[in-house]
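Some features that TrEMBL has for this protein:
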- B:21-39: transmembrane segment (TRANSMEM)
- B:45-65: transmembrane segment (TRANSMEM)
- B:72-94: transmembrane segment (TRANSMEM)
- B:100-118: transmembrane segment (TRANSMEM)
- B:130-150: transmembrane segment (TRANSMEM)
- B:170-193: transmembrane segment (TRANSMEM)
Amino acid sequence: MTTQFVSSTALIRALGLIACICGIIIVGVYEGTLDAVNANKKIALDRQIFKVLPGAKSVQAYDALPGGISPAGDHESPSGAIRFYAAYDATGKLMGIAAEGSSAGYADQVRVLYAYDPDKQVITGLGVITMRETPGIGDKILVDHDFIHNFVALDVALTSDMKTLANAVKTVKHGTKANPWEVDAISGATVTSKAVGRGINQSAAILLPRLVPHISQLRSKS
Amino acid sequence: MSTLISNFDEFMDGLWKQNPIFVMMLGMCPTLAVTVSAVNSISMGLATTFVLTASCLLISILRHIIPKEVRIASFIVIIATFVTVVDYSIQAISLELYDALGAYIKLIVANCILLGRAEAHAARMPPVPATLNAFGMGLGFTLGLLAIGGVREIFGAGKLFGIALFGPHFQPWVVMVLPPGGFFVLAGWLILFSGIRANKQRKIEAELALKGAKA
């Protein structure tokens with residue numbers, strides 16, 4: 001290692017050389033792993049979609065924009081758009097829609113994927129994409145039978161003008177669910193249960209008014 | 001022959017005598033945070049081992065080029081580069097693992113074992129001993145994490161490497177997979193190792209006293 005009287009040029013030259021070496025390594029690894037990373041992300045998402053929409057054979061990604069819906073490319077969604085996935089059976093018939101909702105839980109964001117049945121206007125399934133809730137407490141949302149049962153037919157019907165949800169999805173205290181648009185919380189894991197309800201409500205309230213008027217575009221696989 | 005022995009010593013240094021977790025007490029953030037299971041512990045340990053070994057090798061190669069005045073900035077850039085390499089590689093290998101390790105992969109860059117080794121060892125030594133020492137330190141760190149993660153998974157989930165050990169009636173000790181569990185298990189291992197050390201010391205002193213009495 002050099003000692004005294006190092007000129008500024010030498011310092012900049014040394015730092016520049018290190019930056020060059022490091023830059024080449026980073027860009028090389030980024031390029032080299034990009035395809036595998038994207039493929040992994042797609043596999044993880046498909047697995048979640050097939051879990052919430054069992055029986056689906058193929059999936060097509062779409063972006064819901066304020067003016068309508070359009071097939072999504074490989075790139076990121078345009079700003080303001082909501083990405084959703086139309087799932088089709090073996091004959092190419094629309095089975096349902098899957099979309100993501102997210103809200104702050106006890107420890108971190110709880111990201112869920114829900115399945116929507118456009119014919120009945122209900123949510124028919126729930127999967128968790130990521131969460132870091134307390135083991136044994138918050139993570140009961142994955143296994144609690146009563147909680148999962150909330151999402152067999154959760155009402156998310158729109159008003160007649162299709163501008164908003166007729167009733168906001170709301171998480172209620174355990175044992176007090178009275179309406180089909182309410183989510184019965186898990187006793188002792190209220191914060192996580194509320195995060196799930198809120199995440200679905202926020203996502204459905206924006207997505208469904210954009211999606212439902214154009215649902216005929218998705219009826220058969222393009 | 002003496003080079004071989006000294007290289008072996010460099011490698012063994014971090015593995016046992018100067019174990020980063022149980023002796024030097026460095027890198028406590030990932031030690032307590034990600035050791036909820038044996039798989040997470042090994043993954044975190046190997047990721048850190050790779051960053052430590054690769055960064056120490058590069059720093060050692062460049063040690064005559066890096067001026068003293070900018071060495072910390074240079075070391076951090078080199079360490080951050082290999083953390084980025086690990087970050088992309090784990091995403092490419094398994095997203096589940098990537099989600100399980102969360103922000104702690106990126107936080108490897110702030111692990112004091114890395115800058116400590118770079119500054120105290122790699123910047124002064126030729127590439128071979130620097131790399132061997134870093135590799136030994138990394139493996140020692142991995143073993144330390146595994147010792148904690150294994151115990152936490154056994155008691156906290158009734159499993160080891162995901163394989164159930166106690167049958168369906170086992171009631172998991174949830175506290176073991178919560179943050180306090182990390183402190184409990186670390187403290188348990190430290191008590192055990194200091195007990196062994198104290199015992200060894202007592203034996204040595206007793207032998208010396210015996211020799212003294214005979215003389």
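Note that Cβ sites are derived from N, Cα and C of the backbone, with glycine treated the same way.
Remember, TrEMBL labels are computer predictions, not curated facts.
At the 8 Å Cβ cutoff, the transmembrane segment (B:45-65) and the transmembrane segment (B:100-118) share at least 3 close pairs (sequence separation 6 or more) and count as touching. Note: the stretches the transmembrane segment (B:170-193) and the transmembrane segment (B:100-118) are not in contact (fewer than 3 CB pairs below 8 A, sequence gap of 6 or more).
In summary, the transmembrane segment (B:72-94) does not lie against the transmembrane segment (B:21-39): fewer than three C-beta pairs, each 6 or more positions apart in sequence, are under 8 Å.
Here the transmembrane segment (B:100-118) has long-range neighbours at 20, 24, 26-27, 29-30, 33-34, 37, 39-40, 43-44, 47-48, 51-52, 55-56, 59, 72, 75-76, 78-80, 83, 86-87, 90, 133-134, 137, 141, meaning same-chain residues at least 6 beyond its ends whose C-beta is under 8 angstroms from one of its own. The list of residues near the transmembrane segment (B:130-150) in space but at least 6 beyond its ends in sequence, with Cβ under 8 angstroms from a Cβ of it, reads 7, 10-16, 18-22, 27, 30-31, 34-42, 44-46, 48-50, 52-53, 55-57, 59-60, 113, 117, 121-122, 160, 182, 185-186, 189.
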